[in-house]
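Shown next, in structure tokens, is the structure this report addresses.
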Amino acid sequence: MRLTFIPSLIGVANAVCPYMTGELNRRDEISDGDAAAATEEFLSQYYLNDNDAFMTSDVGGPIEDQNSLSAGERGPTLLEDFIFRQKIQRFDHERVPERAVHARGAGAHGVFTSYGDFSNITAASFLAKEGKQTPVFVRFSTVAGSRGSSDLARDVHGFATRFYTDEGNFDIVGNNIPVFFIQDAILFPDLIHAVKPRGDNEIPQAATAHDSAWDFFSQQPSTMHTLLWAMSGHGIPRSFRHVDGFGVHTFRFVTDDGASKLVKFHWKSLQGKASMVWEEAQQTSGKNPDFMRQDLHDAIEAGRYPEWELGVQIMDEEDQLRFGFDLLDPTKIVPEEFVPITKLGKMQLNRNPRNYFAETEQVMFQPGHIVRGVDFTEDPLLQGRLFSYLDTQLNRHGGPNFEQLPINQPRVPVHNNNRDGAGQMFIPLNPHAYSPKTSVNGSPKQANQTVGDGFFTAPGRTTSGKLVRAVSSSFEDVWSQPRLFYNSLVPAEKQFVIDAIRFENANVKSPVVKNNVIIQLNRIDNDLARRVARAIGVAEPEPDPTFYHNNKTADVGTFGTKLKKLDGLKVGVLGSVQHPGSVEGASTLRDRLKDDGVDVVLVAERLADGVDQTYSTSDAIQFDAVVVAAGAESLFAASSFTGGSANSASGASSLYPTGRPLQILIDGFRFGKTVGALGSGTAALRNAGIATSRDGVYVAQSVTDDFANDLKEGLRTFKFLDRFPVDH
């Protein structure tokens, strides 16, 4: 089935959203409250504060635990030493099974604020009043790598959000890419087994550049759409703060009276989208594999709270096949030209976890955490996730009571007949754990659509048909939308996609797999397939135009749009302790940029007053812009190793690797970053072969308002794409 865009629908993008017109019904009985304070009040019940306290055993008795109990100073340790046994036993059992996927992650608390009363489209209480606040917890993650892998692996990135609503927990368990690799959850083990390390040698970690991954991709072409997104900048974002988020599946909104709409969830970063380039990501991974979790933590600690807007695309139940594809297919997007996004509210992350394990590691998200006003669809991937995400927690937590952990507890009372199990934290007072009953007034009572504000399934949902094991014919076209994505990228980002696929398949050993990859790419775009083929030693194919089209859609790339905020970006000023003007210049620049949330870091040969870090600990990957200070140009002389030792090379120093200052400048330019120089520091640009006439290169005699404004504009551009060669 070929994706066909309906021209008459394009005008919808400019229409006023019908769900934001007129006076909406109010739910005045719901109070706002201070969601941030509520989070602290709730979690503080579970804090353990060791300040000014004596060491105790797990049962509270004061102890000392620095030496084992032995029979004499040189004798054997005694089995009766309960202090030793407790300490070692607890250490032996500290680890729990890591997540099968999304093991590597970072989280933060925050607040969601509703933009209005949306009770005309959903009965969800957290969207029932303008200004209503709801505590949230978000966990960002990679998918394939283990808990100890790098943040910078090329991967889909998880974006899971929990709303602690006044009607229970609601989770949007999404990603930073709006589609997924497979259409049916029964293929999930096959997908993950294919992308995980080999079973014989556990290689490679957190990478798909190997035979089994691309063998699966080329045999299961539903993967192509997500694959192209992952090979683009979306696979290697600048930070968690600079990604959008998506619910992936189509869900339902349901009103109090049972009317339903189909919706797709979108998180739009109010920082803007930004990505690294591949070599930059690889270097960052080697130098600081915690780069992204550190960026998120540091931004929140500095009070630069990242924000996202939550929106939905709203469609009628009858629209499931309207756009030329199936809304139940999780490998498809709904272009915003077809259905604009209705903004529902804003989320701000403003509080770091106090303990990583207790909060970020123990939090469990699942798409089955929904509330009144939200309902599922028949998306076969979603249906399978509803089982898998709940089931896996039994393995991770060793029992069914994981919802009782503080990070997982709802902020409202829990009343049901579930009892006992390992790790039961509560003391139920109702001895009659069954329903229906006459005791205790029949409590807990049944809540439904009309009584008790209970959850209810959309009344209009129906289904019929024969029992089959088959893919719906409406799911069959898996090439038109990958082409839509590829068509919509700017030339440089198309090149990044091509280079990424070349890199991955250059590591594939099987010529059969490589050839199959080219067959699938050729169904998307002949130029894409040919450019990859010639780099990996496969014959260039003739066009296979069945699914070719020239359609494009907006805002699917990570390049070509400016950042909305500069919060937490870093400018590295490359100076010298031999020239005090370096410190003065960095200080002046810091004053000019601080109101925009930009950090200025002065780098010099050694630590001294005003110097933030040394060249020995610095690389271009740490900065979003690089500026050479006046007087530091002697450190940037082009090094030569012919006919002499490293000590005799120009610009050499025993304080840092030879040529490090010049390398920082060159790499900054190569990675598309803003670069600049002050006064005599422009000589460093010449030594690096960087023309001052290039876009994103700024020079001035001293730090002026114009120079600072140029740097800010360069930071908003983020990557200057003319520095990256494109195939011809």
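Heads up, the Cβ atoms here are built off N, Cα and C, so glycines get one too.
Under a cutoff of 8 A between CB atoms, and with a sequence separation of 6+ in the same chain, the neighbours of HIS102 (active site) are ARG139, SER141, THR142, VAL143, GLY158, ALA160. The DSSP secondary structure for HIS102 (active site) is coil. Residues annotated as active site in Swiss-Prot: HIS102 (among others).
Cβ environment of ASN175 (active site): VAL143, VAL156, HIS157, GLY158, PHE159, GLY245, PHE246, VAL248 lie under 8 Å away, each six or more residues apart in the same chain. Secondary structure at ASN175 (active site), as computed by DSSP, is strand. Residues annotated as active site in Swiss-Prot, with sequence analysis given as evidence: ASN175 (among others).
Shown in sequence order, VAL173, MET364, PHE365, GLN366, PRO367, GLY368 are the residues of the chain, 6+ apart in sequence, with a C-beta less than 8 angstroms from the C-beta of TYR389 (heme binding site). Summarising the annotation, Swiss-Prot assigns heme binding site to TYR389.
Feature annotation from Swiss-Prot assigns N-linked glycosylation site to ASN120 (among others); the stated evidence is sequence analysis. In the three-state DSSP assignment, the secondary structure recorded for ASN120 (N-linked glycosylation site) is coil. When Cβ atoms from all protein chains are considered, those within 10 Å of ASN120 (N-linked glycosylation site) total 17, not counting its own.
Cβ neighbours of ASN448 (N-linked glycosylation site) (same chain, under 8 Å, six or more residues apart in sequence): GLY454, PHE456. Under the heading N-linked glycosylation site, Swiss-Prot lists ASN448 (among others), citing sequence analysis as support.
Taken from Swiss-Prot, the feature N-linked glycosylation site covers ASN551 (among others). Every protein chain considered, the tally of other Cβ atoms within 10 Å of the Cβ of ASN551 (N-linked glycosylation site) stands at 15.
According to Swiss-Prot, the feature signal peptide maps to 1-15, an assignment based on sequence analysis.
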Whole-number Å distance between the CA of ASN551 (N-linked glycosylation site) and the CA of ASN120 (N-linked glycosylation site)? 34
